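Annotated transmembrane segment per TrEMBL: B:16-37, B:65-83, B:95-111, B:117-140, B:149-171, B:202-220, B:249-270, B:276-294, B:301-319, B:325-347, in sequence order.
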Amino acid sequence: MKLSTLLASAALAIGLAGGAYADDKTKVGFVYVGPVGDGGWTYEHDQGRLAVEAEFGDKVETVYVENVAEGPDSERVMTQMALDGADLIFTTSFGYMDPTINVAAKFPNVKFEHATGYKRADNVSTYSARFYEGRAIQGHIAGKMTKSNIVGYIGSFPIPEVIRGINSAFIHAKKVNPDVEFKIIWAYTWFDPAKEADAANVLIEQGADVVLQHTDSTAPQAAAQEAGNVITFGQASDMGQYAPMPRVSSIIDDWAPYYVARTKAVMDGTWASTDTWDGIGAGMVGIGEITDAVPADVKAEALALKASIADGSYHPFTGPLKKQDGSDFLAEGETADDGTLAGMNFYVEGITGDIPN
Amino acid sequence: MIRLEKRPQASQTFSWAAPVLAVLATMVFGGLLFAALGKDPLASIETIFWQPLFGDFAFYYRPQLLIKGAPLVLIAIGLSLGFKAGIWNIGAEGQYIMGAIFGAATGLAFYPTESFLIFPLMILAGALGGWIWAMIPALLKVKFGTNEILVSLMLVYVAEQFLASMALGLLKNPEGFGFPGSRNLQQYGSAHNAELITGSGMHWGVVAALIAVIFAYMLLARHRLGFAIRVTGEAPRAAKFSGVNPTRLVLFCMGMSGLLAGLAGMFEVAGPSGQITIDFNVGYGFTAIIVAFLGRLHPIGILLAGGLMALTYIGGDIAQSQLGLPAAAIQVFQGMLLFFLLAFDLFTNYRLRLGRAEAA
């Protein structure tokens, strides 16, 4: 307790000192798990940071630390940002969850925003994006485009987030192509170009002519380009440098509107702890341009699907659906609730193989 | 003309001056690198080396130095014993992981029972985990003559897979909504490796690191086994004649380094980290190799080198957020340290001569 009082009073002292020479800039910190140049996950968060700078100009100061290991290192970096006078800190990886909660308890006047976690406090919000909505559109295009009827999928870790994406893509591929089969490889990494390239090559050798990925590098795109006649989708970022082939579309995480809104809330003094889970409708999930490698009618269908998800008239998990073991998941017309989606740990019917654990 | 001439005897002075010169050269060339990136070189160096120790928030960073440095020192001490004898355990990272898994699993097996016996049991389990993992390459070496460098390194990747499997399966927090990662040991009193004095950064791992330094110093300076280690490294043939048993030496050095690495992992998972997660290991086992050499394989040197490495990590993160230096520049800076050390090491055994080669 002593330390937290000490830390808090130090932060207060610095805050007061800052106020003394009328420096009322709002300071926003970002903690990144990867390098800002990863072209995927961290890159998009940094785009959000730049959007905050562009929006508020002189009124904000942003700082970031990249390549921060989860665990004690992240706790130290967050503490350091809070000590340096940050008003708002975005911690952008699931593994920062407990450290964020620990640091937030020591700095009650600093607001924290933790991406993709589930632990909140009075000064800790959580936020995530409904990536599975984008997966539905990918699945649709994949089901239509595959000639070998084999779709490869590079999974990162077998966690609900990733399993949800596989299910969503599979459901919509199967809907337009009953013969489609998914081959899933677990890379056990979020970002490792070498491993991702290996996984992509194995999938292509096994006959996949569509490769979906839940990992963040462009290595699978490069592997597909080399193989030719294999299509891919950008992950987390547009990866437009591989358009129009092999990359035919992408799921883009667009954090900018959220980061701008939350920074504004801190400036206005209206910030409150919330849990945000936005999708295509709110603009947090973007669908990158569908290239001409996709036939016009398929593209039109995909865009219609996107529109129906965006306006809420269609939910990607709509019954009738069964689980892999044949038991009932959703009845005709029923949609999955957020609790079920958040903890999803099963495949839907038709996916072969087991979820490793 | 400048040429290198072999010294008749390794220079004792240079052996100790090399790390100091390496640090100075790193500051100079690191400063140039930062200047090339458009940052104030003096401010950058000051931020990295001065702020954590004497800056405004030193009261917070000094304890962090202990937290960051302790596992490095603990592992490096173990490695240095083997390195001195020419036994190359490169897989401390894997032994660190196994120590953490064994330690955490032992603690979690008792959850939620509270007892003062649980933490000592976890320490034993952590040491055992690291020891077992190091004994695999050790036994393969003494039985079949395999190369311990390759086997111990490969076992790091096996341990990483094992770690992922534990975080996703057996040790997964049953109340974690299906997300990977174990229960947080910080919230389990009997298993928590808490700070001994709040705010000091001093946890049992720091104590263990200091004990290991003293123990290693006495072993090398006073004990017969320490003599065997030194003589094997310096003159393997002489060691044979003086009755050193190479098999036992390999088993001891590998086992001891594994044991200490396992302890480091256990103290980390029970304290600062708290959780078994997929990305629990952050490279301490590899960085400790640098620390061991930077510290001249000498226990006191390792203690200083561990502190220095911890300083560059903590200062590096401060420089990133305060000055906007990219992480890659900090890594290059740390890399320079080893690079210059190796370069200056040359002068331990060689000296520069100006002028013509003398007729032999």
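Positions of Cβ are set from backbone N, Cα and C atoms, glycine also.
Because TrEMBL annotations are produced automatically, they should be read as predictions rather than curated entries.
Keep in mind the model is a prediction, meaning the values are calculated, not measured.
Between the transmembrane segment (B:149-171) and the transmembrane segment (B:16-37), fewer than three CB pairs separated by 6 or more residues in sequence fall under 8 Å, so the two stretches do not touch. Relative to the transmembrane segment (B:276-294), the listed stretch B:65-83 leads the set B:16-37, B:65-83, B:95-111, B:202-220 in CB pairs under 8 A. A contact links the transmembrane segment (B:95-111) to the transmembrane segment (B:249-270), because at least 3 Cβ pairs that are 6 or more residues apart lie under 8 A. Counting Cβ pairs under 8 Å to the transmembrane segment (B:65-83), the top-ranked stretch among B:16-37, B:202-220, B:325-347 is B:202-220. With respect to Cβ pairs under 8 Å, the transmembrane segment (B:249-270) is most closely packed against B:202-220, considering the stretches B:16-37, B:202-220, B:325-347.
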